[in-house]
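Some notes on the structure that comes next.
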Amino acid sequence: MERCVRVKSWVEENRASFQPPVCNKLMHREQLKIMFVGGPNTRKDYHIEEGEEVFYQLEGDMVLRVLEQGEHRDVVIRQGEIFLLPARVPHSPQRFANTMGLVIERRRMETELDGLRYYVGDTEDVLFEKWFHCKDLGTQLAPIIQEFFHSEQYRTGKPNPDQLLKEPPFPLSTRSVMEPMSLKAWLESHSRELQAGTSLSLFGDSYETQVIAHGQGSSKGPRQDVDVWLWQLEGSSKVTMGGQCVALAPDDSLLVPAGFSYMWERAQGSVALSVTQDPACKKPLG
């Protein structure tokens, strides 16, 4: 049986890991990657992946620089706000001192590639890029960044066409990027439905990511090919899995590994989230 992890306590215990130059630490590294990221860390590179990313700011604000439909823009994610980044959107996180954010992404499929790009100023022109199968982003990015800093492209600010792909592995997304929203305000506005036993999706069904808010009641999580991350925000609940039971108090979290079914009983006044990212639900290109 997986043990529950109290989020804020875990962050405090690992506070030293969130200082430069590393700035991040994984709570879970299975099919779901549950990562917490500190700062400061300002970047010029843009990351591109075929999956989606969930951002939530626990402490302070951050800026996520994105290339959206051909235009560079800054998405400000403030403390307490949650945000879902669509797949195939170039993005560059800008983090500041004394901040802490949660990032959730998934293990890549064997057929998927990640990209790291530098652009010429605020244009769509690619200055430098590398494409790779991502197994450990924390260790794979640093050598690519160092390669760029020692490159002729960095020195001259001009791309080398011979080192750029004629066609990228996949087209960039044409979706509009949503605005971040206050998680607390969203939950409060739906409290009546949640406490009546209705579970609600924060982002709808047009993404492979499902962030579901749950109030009081019980539900059975079927055996899935993906992990499920549970985060108890208010009240209490009880999870039974593999014949064992674990109690969740406010701010406790629990990872249900792929291949396990579970029963989740939530007491009156309970508010909790469940998060899944299923690549089998990848949406058509767009």
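Cβ atoms here come from the backbone N, Cα and C positions, even for glycine.
Positions annotated as O2 binding site by Swiss-Prot, on the basis of sequence analysis: R43. Residues near R43 (O2 binding site) in space but far in sequence (CB under 8 A, at least 6 apart, same chain), listed by position: S92, P93, Q94.
Here Swiss-Prot flags H47, E53, H91 as Fe cation binding site. Note: H91 (Fe cation binding site) has non-local neighbours Y46, H47, I48, E53, L64, R65, V66, L67, L85, i.e. same-chain residues 6+ apart with C-beta under 8 A of its own C-beta.
Mapped onto three states, the DSSP output places R95 (substrate binding site) in strand. All protein chains included, R95 (substrate binding site) registers 24 other Cβ atoms within 10 Å of its own Cβ. Per Swiss-Prot, the feature substrate binding site maps to E53, R95, E105.
Sequence annotations record features per position, and here Swiss-Prot assigns region 'Domain A (catalytic)' to 1-160.
Sequence-remote contacts of a segment are chain residues at least 6 beyond its ends whose Cβ falls under 8 Å from one of its Cβ atoms, and for the region 'Linker' (161-177) they are 48, 50, 66-69, 75, 85-90, 113, 115, 126, 128-129, 131, 153, 285-286. According to Swiss-Prot, the region 'Linker' annotation covers 161-177, on the basis of sequence analysis.
The average pLDDT for the region 'Domain B' (178-286) in the predicted structure is 96. Residues or ranges marked as region 'Domain B' by Swiss-Prot: 178-286.
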Binding residues E53, R95, E105 (substrate) - maximum C-alpha distance in whole Å: 18
Set of same-chain residues at least 6 away whose C-beta sits under 8 angstroms from E105 (substrate binding site): L32, K33, M35, E49, G51, E52, E53, V54, Q277
Fewest Cβ neighbours within 10 Å, where candidates are the binding-site residues H47, E53: H47
